Amino acid sequence: MNSLCFPHPALDAFIPHTSPGHFNGFAPRRPNFFHVRASSSISKEIENPPHVTKFGLESQNSSTCPLPSIEFAKRVVLVRHGQSTWNEEGRIQGSSDFSVLTAKGEAQAETSKQMLLTDSFDVCFSSPLIRSKRTAEIIWDARSEGIIPEYDLREIDLYSFQGLLKHEGKAKFGEAYRQWQKDPANFIIDGHYPVRELWARAINCWNKILSHKGKSVLVVAHNAVNQALVATAVGLGTNYFRVLLQSNCGVSVLDFTPRPDGGSPYICLNRLNQTPNSPIAAGSSGGRKTCKRIILVCHGATESNDEVVLSKSGDQAMNMLGVIQSQKTAELLLDLKVSSIIFSPQRASVDTAITISKVQEAADCLGADCIPRYVEMKQTQELQDGHLLQKSCKDTADAGRDNGSSDGVLAELWDQAEKAWNSLLTDLSDESEPEQNVVVVGNPRVLVALIGHCLKLSMECMDSFQLDAGGISLIDFPDGPTGRGIIRCINYTAHLGRWSIPVTTPSVDDENF
């Protein structure tokens, strides 16, 4: 498929343009509880930014550009570079190439290398900028294939902003700097719309990445461009810039599945921002202090995590692996003082919530702080999913085929999750508690619906996210619960240690995927 014909921004004279090369393949794992059917689209005309998603928000454009069709399943792993000297100094980097990795940045890249050590990548694409190129070299290490430099993977072009300290940008550009902070999708400088240009570039990158014959692809780039890659893959417009965070050396994983009749592939975001360091302790989102948070926790593994079996056999307790996962999750959350835990009536959710509560209330004994913690516990039917799954299974069995009842059950779940989400925001609005960390424990399907409501998507988004047993997703509200939710991570599992689902290594079921 040909690349989109967008005019490129002015190129930095000191960065050479290099052409991609070629290498080869592996099969990613499909989520075992959703049928992925989402497609991707983006505006063709950067003069009108795509303030829309394929999930049903209002469109400013009718023209879209699908991703290229693929012949076999692909997994793409995105990594942001490690901390750079200009990150440390607080300078606006953009696509300039004057900063290098700090000692901390090199160490972060080494940690990411260990996270991905056993993964059999076929090819690595990298931004040609020094900070990303060096990160890619550390992670790629002794693999025999060469790294492919891709110029479109450079960081967002910020023109006259580049090289300025943030306070200098504010002083020199005034209103333009405020627009960059408050309304980046419409931010204009030196006659350019940087975020719109970035989204166009992301589509060009996907055309090249998905056209490559490799099945397992590593991409090492930057904060803004990785945000754009994730967003354009799942069909989100430029107004989602700064909503899907990318920390230094954070890892995001996307699975692409071919359609039987061709066309844009099915897409699932397997992980967002799996970071070398815990995402829990950080107290800011995009440089802004946040005191209100929702932490979504998938209950630990049960005797069978196959949702079809679960729907037939009823509620299940956690197995030994699930108990270990819930304990490790509780230990990770010691970095936060949890205000309340809201949980589903299902046994696995109840037991996970109790484990988190017990560890929180023993925090003073465990060395987290010297003040005993009290955690409010609240069980709610709005997070219940089991009876809907049972109903779906029974309806399908009675009909002998899929008669549309599955969509009806999902619609019921979606509406129920909306009520749960609104209730969470109400709880978070308690002004008597300036700092609130609300933990929500439930079934992966319900938690995906909550993420969808946070992002103001439609029900079809439930096919585009994966959550695993023991996984954590974190939503910050730097502007309070009436403001926009910022997704710090989705399906974070690094805390589970050797019991975690590896970042990219295929499971035993992948041959049947």
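Cβ from N, Cα, C; glycine included.
All annotation found in TrEMBL is predicted automatically rather than curated by experts.
Noted in TrEMBL for the protein shown:
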BINDING   Arg80, His81, Gly82, Gln83, Ser84, Thr85, Trp86, Asn87, Arg131, Lys166  substrate binding site
ACT_SITE  His81  active site, tele-phosphohistidine intermediate
ACT_SITE  Glu155  active site, proton donor/acceptor
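Where TrEMBL records a feature, it is marked here on the structure.
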{"residue": "Arg80", "record": "substrate binding site", "Cβ contacts under 8 Å, 6 or more apart": "Val220, Ala221, His222, Asn223, Asn226, Gln246, Ser247, Asn248, Cys249, Gly250"}
{"residue": "His81", "record": "active site, tele-phosphohistidine intermediate", "Cβ contacts under 8 Å, 6 or more apart": "Leu101, Gly105, Ala109, Ser127, Arg131, Ser132, Arg134, Thr135, Val220, Ala221, His222, Asn248, Cys249"}
{"residue": "Gly82", "record": "substrate binding site", "Cβ contacts under 8 Å, 6 or more apart": "Leu101, Thr102, Lys104, Gly105, Glu106, Ala107, Gln108, Ala109, Ser112, Arg131, Arg134, Thr135, Asn248, Cys249"}
{"residue": "Ser84", "record": "substrate binding site", "Cβ contacts under 8 Å, 6 or more apart": "Gln93, Ser99, Val100, Leu101, Thr102, Gly105, Arg131"}
{"residue": "Trp86", "record": "substrate binding site", "Cβ contacts under 8 Å, 6 or more apart": "Ile92, Gln93, Phe98, Ser99"}
{"residue": "Glu155", "record": "active site, proton donor/acceptor", "Cβ contacts under 8 Å, 6 or more apart": "Gln93, Gly94, Ser95, Ser127, Leu129, Ala221, His222, Asn223, Ala224, Val225"}
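There are 30 other CB atoms within 10 A of the CB of Arg131 (substrate binding site), with all protein chains counted. For the binding site of substrate, formed by Arg80, His81, Gly82, Gln83, Ser84, Thr85, Trp86, Asn87, Arg131, Lys166 according to the record, the largest Cα to Cα distance is 21 Å, rounded to a whole number.
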